[in-house]
Structure formats: structure tokens, C-alpha cells
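> Next up is a structure, given as C-alpha cells.
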Amino acid sequence: SKLAALFEHPLYNTPVPEVTEKDKLFVVNPMEKFSLHSSGSDEWVSSSKAEALLPTGKTAYDTYPTWLKFHIGINRYELYPRRDPLLPTLLRDLATQRIVSSVQKSGGTQLKLIMTFPNYGQALFKPMKQTRDQETPIDFFYFSDFERHNAEIAAFHLDRILDFRRIPPVSGRLVNITKEIRDITTDKKLAKTFFISPAGNICFYGECSYYCSTEHALCGKPDQLEGSMAALLPDKTLAKRRSWRSPWRRSYHKSKKAEWELNPNYCAQVRETPPYDRGHRLLDLIDMAILDFLMGNMDRHHYETFEKFGNDTFLLHLDNGRGFGTHSRDEPSILAPLQQCCSIKKSTYLRLQLLATQPYRLSDVLREALAADPLAPVLAEPHLQALDRRLGKVLLAVGHCLAR
């Protein structure tokens with residue numbers, strides 16, 4: 001296994017800073033047992049107030065479902081640890097746990113559903129919009145592209161292979177539109193949009209600002225539909241997140257250009273603007289640009305951080321559905337933060353060099369990681385080949401900076 005060998009490599013075993021209580025997203029009393037409120041509400045309550053306890057393990061922590069352990073493990077430095085024993089279980093839960101509720105997620109240009117499991121865990125379901133071998137048409141603007149379920153799955157694994165670990169776990173899943181969406185939804189607006197197509201397939205389209213109409217309906221075969229299931233982050237009422245506008249955001253206008261596209265010295269002014277004027281925020285942004293370039297994702301207008309950790313923490317790489325749309329061409333402008341600032345984390349650079357070598361070739365390790373997903377093959381082969389080509393271009397850009 002190239003993947004196992006990669007994770008054994010010294011570059012993937014560098015020590016993480018010591019995590020103190022103030023570095024944890026949640027501070028939990030380890031003696032406190034938690035239980036599901038038997039009244040049927042989806043609250044977690046202290047066992048002293050609960051009417052019925054879950055089967056208890058040796059410690060209270062053993063009684064928590066995997067999604068709750070994932071939330072409790074989040075800290076200032078990482079969304080989940082490198083050798084996270086929870087990861088296989090969490091991915092399996094996303095793929096197999098019974099769905100007890102599905103409602104449409106509000107906001108956004110395309111339809112997404114929130115699925116709830118019997119243990120009160122929740123996942124964000126993005127349905128399949130296009131097949132593996134379809135490429136985004138060359139005349140499409142990036143902001144009118146579809147969001148792809150397989151891009152969400154591949155982005156999670158790629159982010160882990162780069163050792164960023166800033167994307168919540170995602171698994172592919174085959175969902176039964178009739179039993180797991182239509183028959184159990186309490187969302188009246190969503191319920192009104194189901195119909196049977198002329199081909200006899202069950203379809204629905206939901207309500208949203210852009211791609212929710214009968215022309216963009218999602219149809220099963222006859223009611224089986226592929227999608228990505230992403231573990232949800234803790235509710236914002238429990239863990240506030242701050243949304244930051246990316247300095248290299250595109251103009252989202254059909255003819256106007258953004259300032260960074262016109263000013264070659266743009267990075268100089270970013271470096272003087274908080275929070276990029278100190279700490280590692282700018283370097284984290286460059287990490288994100290490299291991830292986006294490898295995936296071909298042009299749609300990174302915002303990023304988020306957990307408010308509790310202030311400016312000294314990692315960036316969350318959320319919403320990656322517009323990646324992996326084209327394999328036949330690369331978009332060099334995505335690398336603008338790297339090229340204009342000529343800065344990169346040494347650890348990131350060393351890992352990129354490693355992933356360009358034969359024993360740990362990026363396409364090989366990602367192919368292996370994706371082979372375990374229920375919807376494998378997740379990416380068409382040309383997308384995997386494109387990763388190696390793009391990685392070469394990232395290293396070339398760093399080489400130009402070093403020469404300068």
C-alpha cells in the first residue's frame with residue numbers, strides 16, 4: 001500500500017503542538033455521561049437529568065456516538081488527528097446509518113439536504129449532478145458550474161493526503177429517493193417538488209436560487225441516487241464560525257476583473273492587512289490555493305475559522321463541489337497567491353516534493369484512498385493523471401520563486 005507507506009513517512013509524523021484545554025473546541029467533563037433525551041428531542045443531556053442511559057462503556061466517552069467524538073476532538077491545530085481511529089467508523093456511519101429525516105438545507109444556489117441518523121448525527125447530502133466523465137463546458141463561467149458529489153469525496157481524501165486535514169470527512173452513498181427522502185421528509189416545500197419522469201424514474205428538484213427547477217431535477221434509477229455525505233461540523237450555536245472573504249476572490253462578474261488580476265504587486269498590500277500581517281494565516285491561504293489548483297476549483301470566495309481560536313488556527317476548506325470539473329486544462333490563476341507572494345510553508349513544500357516521487361505518486365495514493373469509497377471509482381482516470389501534471393506546475397511555480 002502506497003497510502004500506508006505515505007502516512008508512515010517521517011514528513012507525516014512530525015509532532016503537533018501540545019493541545020491544552022484552551023486549544024480544544026469543547027471542554028468536556030470526562031466523568032459526565034451523556035445520553036439521548038428520551039422525550040424524542042435531539043438534545044444531548046447530562047445523564048443526571050436523563051431518563052434513560054445509553055449502554056455505558058468503561059468511561060463516559062465510550063458512550064458517545066462517533067460524530068460526537070469527532071466534534072469533541074476538534075482543536076486549534078487540526079480538524080481531526082493524522083492517525084484518527086474514529087475516521088473509518090465515521091465514514092462507515094455516513095455510508096450506512098439509517099436515515100430518519102431529510103430536509104433541504106436553506107441558502108445556496110443548488111439543492112443540498114441535511115440527513116439525520118438515529119444517533120442524532122447529521123450529514124450534508126449533495127446529490128449527483130453529472131457523470132464521472134463529463135467535463136465542465138469550456139464556455140461555462142465558474143460560478144454557473146454544477147457542484148459535483150464526487151468532487152466533495154475526492155477533495156476530502158486529497159486534503160488528507162496533503163496533510164492539511166481541514167475538510168470534514170465525506171463518504172459516497174447510494175440513497176433511495178423514495179424511502180430515504182420523499183417518504184420521511186417533514187420539509188413541505190421539498191415534498192411538493194417530487195414527480196415521476198416520462199422514463200418512470202422518481203425525481204425531485206427542491207427550492208433554491210439557481211438550479212432548482214424541473215429542468216435541473218435530480219432523478220433516480222428508478223429511485224436510486226448517488227451522492228456525497230459530509231459529516232456536519234458542530235452547530236454554530238455551540239461553536240461559532242467566522243466567515244472571511246478571500247483576498248483572491250474572483251469578481252463573479254462576466255466582464256470585470258478583480259484587483260489581484262490587475263495588480264502584480266497585490267500581495268504587498270495583503271501582507272499589510274490583518275489578519276495576514278502576522279502569524280501563518282497567509283501561508284494557510286496559500287495551502288488552500290494549492291489544494292484548489294490541484295482540484296481545478298475556481299470557486300473559493302470565502303473560508304471559515306472557528307471563532308474560539310481567534311486568528312491563530314487553521315482554515316476550514318468547505319464546499320469543494322466545483323473541483324474536478326475539467327481534467328484537460330489547468331487554471332493557472334488559482335495559484336495567484338503562491339505566485340504573487342512567493343511564500344509557502346516548508347512542510348507543505350516538502351510533502352509536495354514527496355508526492356511527486358514514484359513511490360508516493362499523488363495520483364496513485366489518491367486512487368488507492370478513493371478505492372475504499374462505496375461509490376468507487378470516484379474520479380475518472382484522466383482527473384487522477386491531471387493531478388500529477390498540476391503538482392509539477394506547483395513545484396515549478398515554487399522553483400521560479402526560489403530563482404527570483
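Quick reminder: no glycine exception, Cβ is built from N, Cα and C everywhere.
A quick note: this is a predicted structure, and the numbers were derived from the prediction, not measured.
Below are the features listed in TrEMBL for this protein:
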{"type": "ACT_SITE", "residues": "Asp299", "note": "active site"}
{"type": "BINDING", "residues": "Gln110, Lys126, Glu147, Ala230, Ala231, Leu232, Leu233, Glu304, Asp319", "note": "ATP binding site"}
{"type": "BINDING", "residues": "Glu147, Asp319", "note": "Mn(2+) binding site"}
{"type": "DOMAIN", "residues": "194-403", "note": "domain 'FAM20 C-terminal'"}
> Within 10 Å of the Cβ of Asp319 (ATP binding site), how many other Cβ atoms are there?
23
> Which one is it: of the recorded positions Glu147, Asp299, which Cβ has the fewest other Cβ atoms within 10 Å in this structure?
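Lowest Cβ count within 10 Å among the recorded positions (Glu147, Asp299) is Asp299.
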> Cβ-Cβ under 8 Å from Ala231 (ATP binding site), same chain, 6 or more residues apart: which ones?
Trp67, Phe70, Leu90, Leu94, Gly121, Ala123, Pro168, Pro169, Val170
> How many whole Å apart are the CA atoms of Leu233 (ATP binding site) and the residue listed as 'active site'?
21
> Within 10 Å of the Cβ of Gln110 (ATP binding site), how many other Cβ atoms can be counted across all chains shown?
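Step by step: centre on the Cβ of Gln110 (ATP binding site), count other Cβ atoms within 10 Å, giving 19.
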> Kindly state the mean pLDDT of the domain 'FAM20 C-terminal' (194-403) in the predicted structure.
95
> Looking only at Gln110, Lys126, Glu147, Ala230, Ala231, Leu232, Leu233, Glu304, Asp319, which the record lists for ATP, tell me the maximum pairwise CA distance in angstrom.
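About 20 Å separates the two most distant Cα atoms.
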> For Leu233 (ATP binding site), what is the tally of other C-beta atoms lying within 10 angstroms of its C-beta?
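Leu233 (ATP binding site): 21 neighbouring Cβ atoms within 10 Å.
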> Reported as an integer number of Å, what is the Cα distance between Asp319 (ATP binding site) and Asp299 (active site)?
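Cα-Cα distance, Asp319 (ATP binding site) to Asp299 (active site): 9 Å.
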> I'm trying to understand the geometry here, so how far is the Cα atom of Asp299 (active site) from the Cα atom of Glu147 (ATP binding site), in Å to the nearest whole number?
10
